[in-house]
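Structure first, then comments.
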Amino acid sequence: MLPKAYLPVVILLIFCTATYARVISDQPSSDLVSDGVHGGSSGREHGIISLFAETEEACEQSYGFLPCTKTALGNVFLIFVYGYLMFLAATYLSSGSELLLEILGPGLIGGLFLPALGALPDAMLILVSGVSGTAAAAQGQVSVGIGLLAGSTVMLLTAIWGTCCIVGKCDIQNSVAVDLRDTKGLSLTGSGVTTDIWTSYAAMIMAVSVIPFIVVQLPQLFHSTSGRHLAVLIALIISLSLLVTYCLYQVFQPWIQTRRLAYVKHKHVISGILKHLKKHALGRLFTDHGTPNIQVIEKLFNAIDENGDGYLSHSELRALVVGISLEEINLDENDAIAKVLKDFDTSSDEKLDLKEFIAGVEKWLYEARSSNGSSREAGPDTMKYLDDFHEQTRMEHSLLGDTSDEVVEGVENPRKVAIKAALLLLLGTIIAAGFADPLVDAVNNFSSATSIPTFFISFIALPLATNSSEAVSAIIFASRKNKRSASLTFSELYGAVTMNNLLCLSVFLAIVYIRGLTWNFSSEVLVILIVCIVMGVLGSIRTTFPLWTCSIAFLLYPLSLVLVYVLDYVFGWS
């Protein structure tokens, strides 16, 4: 059994021996043996055999040795083989990225380096579609690039998004999907997935990433031809600026998430302790005049002060915290005690006297009431607003997606893993760079042989090659049927589309601007805008997606193809 890393080499060797092109000679020779095609009148040049016959024009081998063909079936084979090699490149890049992330963690690597690697195969194909040949030839080839860009975006947000929603569905209870519980079958409203708030932010960012598409389309919108080149430059600058901003956000997001999670945990400790104190208080915590009830708070202090020394020590605070259910936020007793002392212990002596306890409880009561949007006036609903505050902080914590209880396994041999990751990344990059140009040529040749527009070929076929490993990984991860895996799955889908919209579009715009090509992709841009905005708004306004929402995603895929065809070939947009 050969290692997987050698598989592309083996495929290429078989490929080179199995596929060839007959060289057509213009010089007659009596030594040549008839091949049964030329000089005959049997009509074999017509019908099925013509599918396999070469045209009069000899094909040009890529790099001087890769096989070539001008027939439709031959180019189907080439697209399949080169597409599979691009799929392997994407797989190696994905595997190497995961290994590198295990060693270096998020931040600079996870936020900047790895997202760029994920978009590398698409960027390579877009790059080679417009840099080779004359400007006229490049103008004809760039439709491969825009087809790939639109196809990748649409496939990830429709077919893959909807599939992840189906395989990751759980029973929805109280508007939230319950982890690992899937008993309602294909209920359109009773089952679905729930994500955290960070996934909603990722959807918002994805929707914002379409701004360069809008800018570059402005001259066509106003039927202007003079400002098209300038619009491409402005869109390129905006796209690069958004790309840098997005990468910086990804770099600092783990730090931002940690700070916000710590704040929400602190609020949840407050709500839990206040709820516990109210439950054990002999009276209301607020008087009828809206001020804290000092007598009730003193009784609570004395009840907690077990040794009667007038101070609440660490052990007495621990006994208080143990009686409160804080397991739902993965917070141990020491953390809770530290949070109490931080707000109450003004003298910094690691213990609380009665004065500090009263001031601290009063501060917390006012914070709970103000966060609930109520006035400071006391009333009969004191217990209710504390319950509401506790539920509010619990929901905020749930939306943030706490991962503090996950077991982080150390890497046994970081050096070995780093070398393996580097080799996988290098191999994936070499394959993507080496076979991008032959794949584009095969798509163009197939389009010429069949008269099928290159956009539709690249829209349907190429995303399957460059995004297959990412799609399979997302579906497998979503099948774990819990909130964390669903959040990560949809965040990665939104992130992949954002990187396509920014990095790949930047490459495309740079080619169009530098080579002086014409931007004439109105229908393709409209498809990208519709899909990104619809799915971006859907992902931004909700964190729970019932099963019926996947029908929106699935319908957008055929709608995109039909829309491009109608706009281009019925209304003549292109």
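Note: Cβ is positioned from N, Cα and C throughout, glycine not excepted.
Keep in mind that what you see is a predicted model, and the values were worked out from it rather than measured.
Now, the feature entries from TrEMBL:
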type: DOMAIN; residues: 292-327; note: domain 'EF-hand'
type: DOMAIN; residues: 332-367; note: domain 'EF-hand'
type: SIGNAL; residues: 1-21; note: signal peptide
type: TRANSMEM; residues: 72-92; note: transmembrane segment
type: TRANSMEM; residues: 99-120; note: transmembrane segment
type: TRANSMEM; residues: 140-161; note: transmembrane segment
type: TRANSMEM; residues: 198-218; note: transmembrane segment
type: TRANSMEM; residues: 230-252; note: transmembrane segment
type: TRANSMEM; residues: 417-436; note: transmembrane segment
type: TRANSMEM; residues: 456-478; note: transmembrane segment
type: TRANSMEM; residues: 490-513; note: transmembrane segment
type: TRANSMEM; residues: 519-538; note: transmembrane segment
type: TRANSMEM; residues: 545-567; note: transmembrane segment
For the transmembrane segment (417-436): best-contacting stretch of 72-92, 198-218, 456-478, by Cβ pairs under 8 Å: 72-92
Proximity of the transmembrane segment (519-538) to the transmembrane segment (140-161), 3+ C-beta pairs under 8 angstroms: yes
Selected stretch (most C-beta pairs under 8 A with the transmembrane segment (72-92)) from 140-161, 198-218, 230-252, 456-478, 490-513: 456-478
Distal contacts, the transmembrane segment (198-218) - CB-CB under 8 A, six or more residues away: 227, 231-232, 234-236, 238-239, 242, 246, 249, 253, 257, 400-401, 487, 490-491, 494-495, 497-498, 501-502, 505, 509, 519, 522, 525, 528-529, 532-533, 535-543
Highest-contact recorded stretch vs the transmembrane segment (490-513), from 230-252, 456-478, 545-567, CB pairs under 8 Å: 230-252
Close approaches to the domain 'EF-hand' (332-367) from elsewhere in its chain (Cβ under 8 angstroms; 6 or more beyond its ends): 265-266, 269-270, 273-274, 277, 285-286, 292, 294, 297-298, 300-301, 310-314, 317-318, 321-322, 324, 326, 376
DSSP-assigned states of the domain 'EF-hand' (332-367) in counts, ordered helix, strand, coil: 26 helix, 2 strand, 8 coil
